[in-house]
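In what follows, a structure is listed as structure tokens, so that the remarks can point back to it.
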Amino acid sequence: MSIETQVSEYYDKLLQRNAGEPEFHQAVAEVLDSLKIVLEKDPHYADYSLIQRLCEPERQLIFRVPWVDDEGQVQVNRGFRVQFNSALGPYKGGLRFHPSVNLGIVKFLGFEQIFKNSLTGLPIGGGKGGSDFDPKGKSDAEIMRFCQSFMTELYRHIGEYRDVPAGDIGVGGREIGFLFGQYRRLANQHESGVLTGKGLTWGGSLVRTEATGYGAVYFTKEMMAARGASLEGAKVIVSGSGNVAIYAIEKAQQMGATVIAFSDSSGWVHTPNGVDVEKLKDIKEVRRERVSAYADEVEGASYHTDGSIWDLPCDVALPCATQNELNGEHAATLADNGCKFVAEGANMPSTAEAIEVYRERGIHFGPGKAANAGGVATSALEMQQNASRDSWSFEYTDDRLQKIMSGIFKNVAKTAKEYGHEGDYVIGANIAGFKKVADAMLAQGVI
Ligand code: NDP
């Protein structure tokens, strides 16, 4: 049977076994498409049902999260943790609190995480979790009670050597604090390495807050340098206004770019003169308000709820909000307007159609599993500091992050070239991420 037929039969089975999980299907389809190229060249990677095992999580946990709101009413949410692959190290991946969270979303994120974590070169496996809990509009006390209830079930499944969660959409420093507190209480030990993204006085790492956004820009810098371009003087669009977006904006502007727009799920802000990052941090991180407040308070900025942020002409686009936020039409508009580089700060923000347009229209594209790996890489650096009871300086940690991002870019570019697809970083990232995990799985037997 040809590799093409084998892979397509396997994918059909996956669709049947995982019905109603379109994001998971999308993530697997993209990886399998790249892997056909590897399997043609190195057929032993199909031995021992390796591909089937890779697409089946080692463990999937779904649990009830009851909590009491400020009115005394009992609310019930659903909690998830998908422990996808631990061949390279303990499961590692964030927790997402957002009403859209379901098993398929957590599986897509966990699957992507396997390859991303492999690309960092650090000893971490892939996992992801979260809940359909919506933190928006909740009081601090409600968030705390929810986090305590969530951890009351999760704590028995995680640990420094087993599974190390972190933040993601809706889970930042405040939530990690409440989660860590409850873990410490239930486990009766101060196990710093059980969660990352901690506060700086209790085991957190400098640069972790900035890492995903900074890392995406370091990756963009490498991708542009390979084409003789640079961020100096470039016009950049960054979607979102959360943790990843804010620090992508900060670093892009430090490197001489002008960030001309950012957004939230209600609308987008046009900032033709660049972004006042301190003002944005105050609105989002301190006051926890919507981005429309920025346009109210900063001269020259305007707020829009019509059209799309991707309609603005730019040189570089950094989607940093959520999955499937940039579709084929958006990608075509970006190309028409002269955009040459797209790098994903978010996970899978480009649809399959958008990626096709990037290929056809010659847009250089850094997929999330490579471009946003700086966050999890710095989480692994936090784990190293915890294991050695040490804390490193900002400069040292940032330098490690830059070297890791540069290493990822080189590995991805080299792999793409080696497999006959020079400049295709989707193929490069999928194959390079896959081979390391696959070699470990083959060495460790059928488990
Ligand atoms: P945050 O919760 O800090 O911010 C999320 C941002 O995205 C907000 O501006 C939010 O707007 C917007 N957003 C969320 N859902 C939607 C939606 N359905 N439509 C439009 N906008 C939306 O999350 P992060 O910044 O941490 O995460 C952003 C992305 O980066 C995610 O894809 C995440 O998986 C990925 N990522 C995060 C890492 C990290 O270290 N934090 C690491 C690697 C990847 P609003 O407030 O209106 O909801």
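Placed from the backbone N, Cα and C atoms, the Cβ positions cover glycine too.
Just so you know, TrEMBL annotations are computer predictions that nobody has curated.
If you check TrEMBL, you get these features:
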BINDING   LYS92, GLN113, LYS116, GLY167, SER379  substrate binding site
ACT_SITE  LYS128  active site, proton donor
SITE      ASP168  site 'Important for catalysis'
BINDING   THR212, ASN243  NAD(+) binding site
* Structure fact -> Same-chain neighbours of the substrate site, Cβ within 8 Å of the mean position of the Cβ atoms of LYS92, GLN113, LYS116, GLY167, SER379 and not counting those residues, run in sequence order as GLY93, GLY94, ASN117, ILE124, GLY126, LYS128, ALA166, THR196, GLY375, VAL376
* To do: Please give the greatest C-alpha separation between any two of the substrate-binding residues LYS92, GLN113, LYS116, GLY167, SER379, in angstrom, as a whole number.
  => 16
* Run through the Cβ atoms and count how many others sit within 10 Å of the one on GLY167 (substrate binding site). => 26
* Sequence-ordered recorded positions from LYS92, GLN113, LYS116, LYS128, SER379 with Cβ under 6 Å of an atom of ligand 1 -> none
* Collapsed DSSP category at GLY167 (substrate binding site) -> coil
* Asked: Roughly how many angstrom lie between the C-alpha atoms of ASN243 (NAD(+) binding site) and ASP168 (site 'Important for catalysis')?
  -> 9
* To do: Return the residue, from the listed recorded positions LYS92, LYS128, with the maximum count of other C-beta atoms within 10 angstroms of its C-beta.
  => LYS128
* Using DSSP reduced to three states, classify LYS116 (substrate binding site) as helix, strand or coil. => helix
* Helix, strand or coil at LYS92 (substrate binding site) [DSSP, three-state] -> strand
* Structure fact -> Sequence-ordered binding-site residues within 10 Å (Cα) of LYS128 (active site, proton donor), taken from LYS92, GLN113, LYS116, SER379, are LYS92, GLN113
* Which of the three DSSP states, helix, strand or coil, fits LYS128 (active site, proton donor)? -> strand
